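S.K.: Okay, these came from TrEMBL:
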ACT_SITE  His286  active site, nucleophile
ACT_SITE  His514  active site, proton donor/acceptor
BINDING   Lys288, Lys516  substrate binding site
COMPBIAS  41-56  compositional bias 'Basic and acidic residues'
COMPBIAS  63-80  compositional bias 'Basic and acidic residues'
COMPBIAS  138-159  compositional bias 'Basic and acidic residues'
REGION    1-169  region 'Disordered'
SITE      Ser539  site 'Interaction with DNA'
Amino acid sequence: FTVRASACQIKTHRTDSQHGKWTISDSEDEDNIIPPTPQKDSNKPSIKPDLERKPDTVTTFFKQERKLSPKRNEDTHSVKEPSAPSMGSEARKAAHVNQTLPVKYESHPSPSVKRKRETEEAGWNLSSSDDETPPPAPKKEPKKSDVSPKKKKTEDKRPPSPHGTSYYKEEPADFFETNLLSMNDMYRFYLNKVTGIPKKFNTGALHIKDILSPMFGTLKESVQFNYCFDIPWMVEQYPLEFRDKPVILVHGEKRESKARLIEQAKPYPHIRFCQAKLDIAFGTHHTKMMLLWYEEGFRVIILTSNLIRADWYQKTQGMWMSPLYPRLPEGSPGTAGESPTNFKSDLLEYLEAYRAPELAEWIDRIKQHDLSETRVYLIGSTPGRYQGPAMEKWGHLRLRKLLSEHTKPVLNEERWHVLGQFSSIGSMGLDKTKWLAAEFQRTLTTLGKVRIKEGRRCAHVYPSVENVRTSLEGYPAGGSLPYSIQTAQKQLWLHSYFHGWHADVTGRSNAMPHIKTYMRVSPDYTQLAWFLVTSANLSKAAWGALEKNNTQIMVRSYELGVLYLPSAFNMSTFPVEKNVFPASSSSKGFPVPFDLPPQHYSSKDQPWIWNIPYTQAPDTHGNIWVPS
């Protein structure tokens with residue numbers, strides 16, 4: 001598997017600065033896409049011309065502490081699939097390269113790090129087995145049997161690990177089994193299962209194989225909206241009896257990356273594509289949603305996971321799963337089947353915003369179903385510049401409108417905390433008045449129609465370097481946390497808001513978050529005024545930014561999430577659940593996925609930044625992070 005320099009090569013010139021000097025330019029978007037092959041694309045982030053011209057291979061590696069058995073040489077880093085998965089951001093690509101080309105860790109590395117490539121069988125697309133092969137004798141070539149394709153037969157049993165053959169050894173035999181009785185269907189908010197944590201913390205959590213299994217319905221057709229795809233892996237997540245059912249993939253890829261995606265799907269004639277229009281620079285199709293049509297009805301899943309293997313095993317992810325929506329009686333009026341939260345018409349409006357003929361049949365199909373049991377509100381972003389009433393249809397102004405109309409002020413409102421938790425950060429401007437306080441915090445602090453008071457408390461939960469280093473995945477977890485040095489060094493003021501990732505309540509302190517959540521919490525952290533789970537990170541591209549003296553909002557990306565408001569559940573506030581796992585069907589508390597109150601960064605903590613080196617200490621797999 002070869003990734004070219006134009007995808008993720010980084011050049012640094014050593015200076016006395018802590019961060020060095022970098023030559024890749026950044027954008028506001030939290031998921032910068034630079035295709036693996038050079039191309040001109042006004043909707044992609046720009047890179048320096050010298051990087052565009054040079055087709056060198058990547059020079060971003062791991063160093064590794066222990067000697068690993070070489071199982072294939074450099075020329076055999078090939079993948080089983082027709083083409084590589086759509087991995088999205090530069091950070092993800094760098095993480096993949098670092099995993100597949102490890103280098104030894106040294107306790108006292110020299111200023112100029114010597115790179116000694118190891119050829120461990122690793123990576124998202126290479127098969128693994130349950131047993132590690134013993135290291136060969138020095139200077140002895142591995143036998144042909146060591147690299148025989150016959151050893152790949154275990155791929156269907158468990159996914160290959162990004163860290164080697166023994167990485168999933170602790171995966172429980174019943175990892176893919178789910179007991180519906182242990183699931184709380186009051187809020188219908190679920191976390192993904194995580195390998196490497198005690199079993200009780202997966203009781204009531206879901207894996208993608210659970211979601212697509214017959215226990216939730218007899219699947220006829222599906223649509224997958226997402227940002228990153230590994231099509232061969234995705235197909236394998238469908239049970240055998242549904243594996244050839246028609247699937248539409250809604251994506252935002254263009255040109256070469258689109259061609260690679262189509263190439264991946266060639267062996268699968270049941271897969272069709274729908275390309276989301278991205279007419280504004282630096283926008284992405286970041287929405288993650290499944291539409292599932294069954295013999296018995298219809299279901300919607302709105303989630304935070306990409307359709308790639310790495311997102312479903314050792315990251316904290318979340319989803320909302322709708323009830324099973326039954327078909328309406330023949331001849332029902334067009335307004336039938338609406339919920340008190342207006343979810344049906346909002347979902348249809350979101351789908352119509354794609355202006356895609358491929359989705360027309362699904363729009364008609366949804367109209368024929370009864371969505372009246374839905375108790376959440378849809379919060380979407382679609383690219384465009386909006387004025388007048390349309391300003392409140394998308395992005396953070398949509399959230400502001402719902403909080404204004406469907407919540408009420410609370411006692412001591414100024415003491416209620418605003419928490420935002422996300423996996424990436426865009427450019428906020430030179431200070432908080434430019435966007436964060438001027439627009440976004442005003443939205444998040446809205447409760448009813450009363451003018452917001454000053455003094456409210458805001459905290460941002462984002463992993464520190466130490467969080468990433470000590471995580472289940474180690475430094476590669478940072479590939480899904482693409483906060484860049486170019487953006488970070490322009491907004492050091494933002495870092496005073498940061499709180500670390502701690503999730504003992506869900507057993508996920510060491511499973512780095514790719515989930516995004518926002519909430520308003522009482523002063524004692526026992527009650528919620530509202531809760532939002534979404535694909536949207538902390539960025540103007542995702543949430544929109546006001547323009548033209550606040551008469552227009554500009555949104556760059558597609559995003560989607562669901563908002564929980566107590567009024568839709570006949571409650572005044574949501575109690576925070578203290579015992580999230582094992583899940584109980586009788587619980588009335590809301591399962592916040594991380595610990596409250598959040599812990600502020602210590603004086604030694606720094607936010608994780610993906611494109612600078614971390615060489616002072618190895619991670620949980622004996623590696624360091626050395627982009628160069």
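Each residue, glycine too, has its Cβ placed from N, Cα and C.
What you see is a predicted model, and the numbers here were worked out from it, not measured in a lab.
Could you place the listed features in the three-dimensional structure?
M.R.: The Cβ neighbour count for His286 (active site, nucleophile), using a 10 Å radius over every protein chain in view, is 30.
Every protein chain shown contributes to the tally, and the Cβ of His514 (active site, proton donor/acceptor) ends up with 23 other Cβ atoms within 10 Å.
Residue environment of Lys516 (substrate binding site) contains 25 other Cβ atoms, counted within 10 Å of its Cβ in all protein chains.
Around Ser539 (site 'Interaction with DNA'), taking its Cβ as the centre, 28 other Cβ atoms fall within 10 Å, counting all chains.
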S.K.: Counting across all protein chains present, how many other Cβ atoms fall within 10 Å of the Cβ of Lys288 (substrate binding site)?
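M.R.: Counting Cβ neighbours of Lys288 (substrate binding site) within 10 Å gives 26.
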S.K.: How many Å lie between the Cα of His514 (active site, proton donor/acceptor) and the Cα of Ser539 (site 'Interaction with DNA')?
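M.R.: On Cα coordinates alone, these residues lie 15 Å apart.
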S.K.: Between the Cα atoms of Lys516 (substrate binding site) and His286 (active site, nucleophile), find the distance and write it as a whole number of Å.
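M.R.: Cα of Lys516 (substrate binding site) to Cα of His286 (active site, nucleophile) measures 12 Å after rounding.
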S.K.: Please report how many Å separate the Cα atom of Lys288 (substrate binding site) from that of Ser539 (site 'Interaction with DNA'), as a whole number.
M.R.: 17
